[in-house]
Amino acid sequence: MGPTLAVPTPYGCIGCKLPQPEYPPALIIFMFCAMVITIVVDLIGNSMVILAVTKNKKLRNSGNIFVVSLSVADMLVAIYPYPLMLHAMSIGGWDLSQLQCQMVGFITGLSVVGSIFNIVAIAINRYCYICHSLQYERIFSVRNTCIYLVITWIMTVLAVLPNMYIGTIEYDPRTYTCIFNYLNNPVFTVTIVCIHFVLPLLIVGFCYVRIWTKVLAARDPAGQNPDNQLAEVRNFLTMFVIFLLFAVCWCPINVLTVLVAVSPKEMAGKIPNWLYLAAYFIAYFNSCLNAVIYGLLNENFRREYWTIFHAMRHPIIFFSGLISDIREMQEARTLARARAHARDQAREQDRAHACPAVEETPMNVRNVPLPGDAAAGHPDRASGHPKPHSRSSSAYRKSASTHHKSVFSHSKAASGHLKPVSGHSKPASGHPKSATVYPKPASVHFKADSVHFKGDSVHFKPDSVHFKPASSNPKPITGHHVSAGSHSKSAFSAATSHPKPTTGHIKPATSHAEPTTADYPKPATTSHPKPTAADNPELSASHCPEIPAIAHPVSDDSDLPESASSPAAGPTKPAASQLESDTIADLPDPTVVTTSTNDYHDVVVIDVEDDPDEMAV
């Protein structure tokens, strides 16, 4: 092929001023084939990089967003400027309009400057990931990374726009393309080279030196997993090789540009045309190298490349799978946003409907310990401190109260009702006539038509008092009459089936306040028959159901007949034995009751629940 003359048309190109250089035909053919290969590898390789990042979840990270951006920048020259270069090489000159020449120069500038700026962004991303790993997630979040990407391309456009003046981008017959005419303004040319090439090289070099120092300092097999360390080193090497190849490919043309811009008259005739051609083609060839480097050095990219190659055998399935992957990714993002929104709404509703803290009001009840609590192994009862109210105990009281038999009393026929209590009983014949019962450390509740006592002490004046500890299924206890005029101090024992009188005297309790009639309402009588001593002569002897106790009975034989020979003790033994088996483990404390029946012939059955919060009478 002979030398191609410049097109004699007013296109304002360098070819109109400079003659077309005479290249050997073999060199023209070689350059043409190399450019075709560059275009094919550029388009296919960078497309595969974009598909690999899109399809592989391991490659979907903020750092690879700049890798995709770099692939897009490399593809720009393969779409428009390189095909027009092939056209100029085939005809031996430029026969297109000046507008197309300006577009070729502008797109070429976007590709070159965009590539170097994206390489800088990749280096900064790797630097933050390795040297500032704690702040990496905050600095390079998805939102921030997208903002950085937009800023990168805005800077690229702003850097290329000054070259769009008419006359600065012209056709160069030595390279068969439209480039920036550095002969028109040498100062501007040096400034562009420093901003577009030298400064990015310094930034990227600093980042990779720091990264390499950090990697060498962290190469401790005992402190880090060797596999993770090797992966980081390979990732670093991949990015470093890409930077190194870019610097090597674009360094010759930038050096020639600066030399010609500084001394155009001296250097213009000394630089051969083939050197210009080789420098430009090396720079163009860099656009297809990035995809090859990813496939050679990055295992994830290499594996995804093989997947794409195998899928290319069935294009329909491949593109349908790609579309489905994109839809799944969009659905996953939508679902993630919906879940986050629902979670935020649930938290707001929980805060709005949060129940206030339950405040427990302490009971104003003076706890008086029962005698023998400390000896029986109940220090909490003997200490006098109330137990905290709990829902479990309330539930127990509620369930236990449903099984309890109502407390009843038999009044004598003459009176028909109980006489109200008015202080202590009057002492007669030197014997105490008051009955003092120390309640357990809680308020005393009388079940079923009875009075609720909350005083420090409770004084009873019935003929006899019987205590039965409550269980989960309490058994009824039938009250019995005690003959009038008898008085005794009875101590209940598990060893005997009936109480025996004792001659001991108990001094009435004086340390507690004496209740009055106003403190204790008049109890209601029950619907049971009211037997008297005349109707039931067998009840003249004092006896009660056998309740297990702790101490042995000691009684006075002169006042009461022998209970063992009493005929009334016979019918009570079966009930007592059954009650003893049910309550021997539940009776907490020995209870001593002093009774006197000078004025009343009533019998009161007291039902005591073995509950830490109440005692039912």
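For all residues, glycine too, the Cβ spot is worked out from N, Cα and C.
As annotated by Swiss-Prot, topological domain 'Extracellular' applies to 1-30, 86-103, 165-188, 261-273. Per Swiss-Prot, the feature transmembrane segment maps to 31-51, 65-85, 104-124, 144-164, 189-209, 240-260, 274-294; the stated evidence is sequence analysis. What Swiss-Prot lists as topological domain 'Cytoplasmic' is 52-64, 125-143, 210-239, 295-617. Annotation source Swiss-Prot lists disulfide bond at CYS101-CYS178. Under the heading compositional bias 'Basic and acidic residues', Swiss-Prot lists 341-353. Swiss-Prot lists 485-500 with the feature compositional bias 'Polar residues'.
When the stretches 65-85, 240-260, 274-294 are ranked by Cβ pairs under 8 Å to the transmembrane segment (104-124), first place goes to 65-85. Panel annotation: around the transmembrane segment (65-85), residues 35, 38-39, 42-43, 46-47, 49-50, 53, 96, 100, 103-104, 107-108, 110-111, 114-115, 118-119, 121-122, 125, 145-146, 149, 152-153, 176-177, 242, 284, 286-288, 290-291, 294 of the same chain, lying at least six beyond its termini, place a Cβ under 8 Å from a Cβ of the stretch. The local packing around CYS178 (disulfide bond), expressed as other Cβ atoms within 10 Å of its Cβ over all shown chains, amounts to 29.
The average pLDDT computed for the topological domain 'Cytoplasmic' (52-64) is 84.
Same-chain residues lying 6+ beyond the ends of the topological domain 'Cytoplasmic' (125-143) with a Cβ under 8 Å from its Cβ atoms: 62-63, 66, 207-208, 210-211, 214-215, 232, 235-236, 239. Classification of CYS178 (disulfide bond) by DSSP places it within a strand.
Following the DSSP three-state reduction, the secondary structure of CYS101 (disulfide bond) is helix.
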